[in-house]
2 protein chains.
Amino acid sequence: MTQLEAARAGTVTPEMQFVAKREDLSPELIRSEVARGRMVIPANTVHLSKKLEPMCIGVASSCKINANIGNSAVTGKVDDELEKLHTAVHLGSDTVMDLSTGGNIDGIRQAMIDASTVPIGTVPIYQIIQNVKDPRDITPKMMLDTVEHQAKQGVDYMTIHAGVLLEHVPLTRDRVTGIVSRGGSLMAAWMVAHHQQNPWYTHFGELCEIMRAYDVTFSLGDGLRPGSLADANDAGQFAELKTLGELTLKAWEHGCQVMIEGPGHIPMHLVKMNIEKERELCHDAPFYVLGPLVTDIAPGYDHITSAIGAALAAEAGAAMLCYVTPKEHLGLPNKDDVRQGVIAYKIAAHAGDIARGRKNARVRDDQLSKARFEFDWNRQFELSLDPETARRMHDETLPQDVFKSAKFCSMCGPKFCSMRITQDVRKLADDAARISSNLTPLSLAK
Amino acid sequence: MTQLEAARAGTVTPEMQFVAKREDLSPELIRSEVARGRMVIPANTVHLSKKLEPMCIGVASSCKINANIGNSAVTGKVDDELEKLHTAVHLGSDTVMDLSTGGNIDGIRQAMIDASTVPIGTVPIYQIIQNVKDPRDITPKMMLDTVEHQAKQGVDYMTIHAGVLLEHVPLTRDRVTGIVSRGGSLMAAWMVAHHQQNPWYTHFGELCEIMRAYDVTFSLGDGLRPGSLADANDAGQFAELKTLGELTLKAWEHGCQVMIEGPGHIPMHLVKMNIEKERELCHDAPFYVLGPLVTDIAPGYDHITSAIGAALAAEAGAAMLCYVTPKEHLGLPNKDDVRQGVIAYKIAAHAGDIARGRKNARVRDDQLSKARFEFDWNRQFELSLDPETARRMHDETLPQDVFKSAKFCSMCGPKFCSMRITQDVRKLADDAARISSNLTPLSLAK
């Protein structure tokens, strides 16, 4: 039984129990959200028997983030990828996708699954394409076999671009950046070469049975997501989203868990609308968005352009945010890029949780602010998203231990610290209250 | 005559002409916005006679950003500050504030004004405090004299914490982080020590006359801005904002230009409300916000926590965004921190401009996206906010010149580039249209 089938049958699985504890929510709420399809617990039964610690993705729980790692044909080795995995999970990534596209692709995946406590996602088409000379040589059988192979390895969720249909491709004709999803572009090329519909779509029932057997969660890919602000919210994007809604119902019939992937590049004022549209067309299946980037002009800083959009998406109800690193559009991320991406997205997800008023979301903020006001520098570092970096920056100008309890920092210097000046703010406030009540009211001098 | 007085008299000054050209707006629109107080042109007549290139701040024009530089008593020399000034302006900062609080404070300021093509702002209380042993030794005369001294040097706008009144201080009693504005905390301490009202407030008329004589723009400081999410939107903050509204009207009577400073730390869902409240209480005077940070848990990354809030503020109508660097709360920013802060804020301001539908705001995005789709790497770098960084990141894995026209990057590798796969997207789209019209409609297989 998949988590979805168990939930429907009224069973609270050990994984739901575990997740409920992590989220500080009731097991029954978790069960009912999973049963309704509004929450997923991506937990391949094979990975569950190894190190996986179950987690959930859904709007009723805290907003999650994913880090994409993996090599490309140009660069990358197993150890490098395991180091990136460790960095991502250490800094708080809730899931990790292995997007390897070259070299020892099977070995990297297995090593990651074996090592990972968080769910691992993949995009099977990236492996399928490895085994053919030309995309047109791909067969439906290869596709299904590869999914089964990866499911057996223990992959927890898979991106499947089943919503790109032949009739959607003409809608991309006048785009500025065409089709930017690798999976989407491959399926488009395949369909045109074969004069046939997308095999993920035509073979969706068989696919569901494989996914169901291991409880692999569908991450229905947005093969026609916009690759620039100019292409945001166009007919192609929304035609595919509607198809993803149909596929969601179909997968649910098969007892499979489903989330929906979203863009990409969207100007700020259209982010919320995208989230609402997904909810409507895809029947509340959890929305898993990539960014979105809110401007196209900052290559080298797209962790920031996209963290803005991601925070808006989180506030509007996205369930998981796929990070973007500073290297996006420029090259394969290294370990430090992974760090930058993960922290930017922890910020976005947390800011969204606060804005949505999630239970206890602000507790850590308040604790850190209190430590800040009390000049407890070490506690401030401990409570911060990246203690190592916070400490290093403080050390740059005031490395000595004594300054970790000093009542100032190098930003303002000892004489100018507002917190020092008003540290006894209660006394100051009480004095001011006493004095101002005796003061003759002043009218503003001309 | 100040720009405001000229505008009221129906005169389009050369500065308004210049600004109109920069903004691609009509000179008459600029004049009417300045006359109405909804736009300022911070241009001290002394600085105008040197290198200043006039710019405007107001909701009818593009959103601006400010970079804070300046030394502290702990660290910083003239040359370092001039280098930071150069970095900030080179990367697109629209104004720069010299917040020096130690050492050769007069010399740094003069050097910055002489070198700067953008308006320079200061916080005069930072110099006033240099000349006394204890804040209580400050006299109203010292305050006015220092303002006049800095006005004569050519400072274009000054932060004046005139809105912190004695009766507001009790409202900060139960705050988590008390009073975090340095100017605000000094005025609070002074008032309590002297049993008197804020001298900036009681001597506001005299102050206006000095400001008017050089056309120094008021930047009415928010001395009670929240220093944590816990303190956001509290009674103290809004009591002061109301007073700033009164002072705005008074300054306008004197012919002075005014903008209003805003916080600080605000959760995402309250940002827009803050902008609306300022507009209402301060009669549409341009709003100049610091961040705001949307979470407190990321010291070391507060350029990102605050860029999210700044983008929201820009979308909601803030006229200028004061940057926050990664070093905020940890130490004095160095040159690289200035770079990180400026770029994060260029992103926020630009994203806000796009979301507000400002004329031509998206042109550069579309040009860059087009270059991206065409694999014109050099053009992509040129169009990006930080060409040097974008190129460096691309060079990390593919340094050779030949790769600057290669139809892929190291992120996906040659086989996997979606843009290469679909580069002839028009042909692909046309083929798909032809084929799909002949295809028997498929219903989704069970």
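Quick reminder: no glycine exception, Cβ is built from N, Cα and C everywhere.
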A:N68, A:Y126, A:H161, A:S181, A:R182, A:G183, A:D222, A:G223, A:L224, A:R225, A:E261, A:Y288 show up in TrEMBL as binding substrate; which entry in A:M16, A:M39, A:M97 does that record put in the same site?
A:M97
Of the binding-site residues listed as A:Y126, A:S181, A:G183, A:Y288, A:C417, the one whose CA lies nearest the CA of A:H329 (Zn(2+) binding site)
A:S181
I'd like the number of other C-beta atoms within 10 A of the C-beta of A:N68 (substrate binding site), please.
24
For chain B, which of the binding-site residues A:N68, A:G223, A:R225, A:Y288 fall under 8 Å by Cβ?
none
For A:G223 (substrate binding site), which residues in the same chain are close in space, meaning a Cβ under 8 Å from its Cβ, but six or more apart along the sequence?
A:H161, A:G163, A:V164, A:I179, A:S181, A:G183, A:G184, A:S185, A:M187, A:A188, A:E240
Rounded to the nearest Å, what's the C-alpha distance separating A:R225 (substrate binding site) and A:C417 ([4Fe-4S] cluster binding site)? Just drop the number here, would you?
48
Among the substrate-binding set A:N68, A:M97, A:Y126, A:H161, A:S181, A:R182, A:G183, A:D222, A:G223, A:L224, A:R225, A:E261, A:Y288, as the record gives it, the longest Cα-Cα distance in Å:
20
Counting every protein chain shown, other Cβ atoms within 10 Å of the Cβ of A:H329 (Zn(2+) binding site) number 24
Which of the three DSSP states, helix, strand or coil, fits A:Y126 (substrate binding site)?
helix
Helix, strand or coil by DSSP: which one applies to A:H265 (Zn(2+) binding site)?
strand
Cα-Cα distance linking A:H265 (Zn(2+) binding site) and A:Y288 (substrate binding site), given in Å to the nearest integer
14
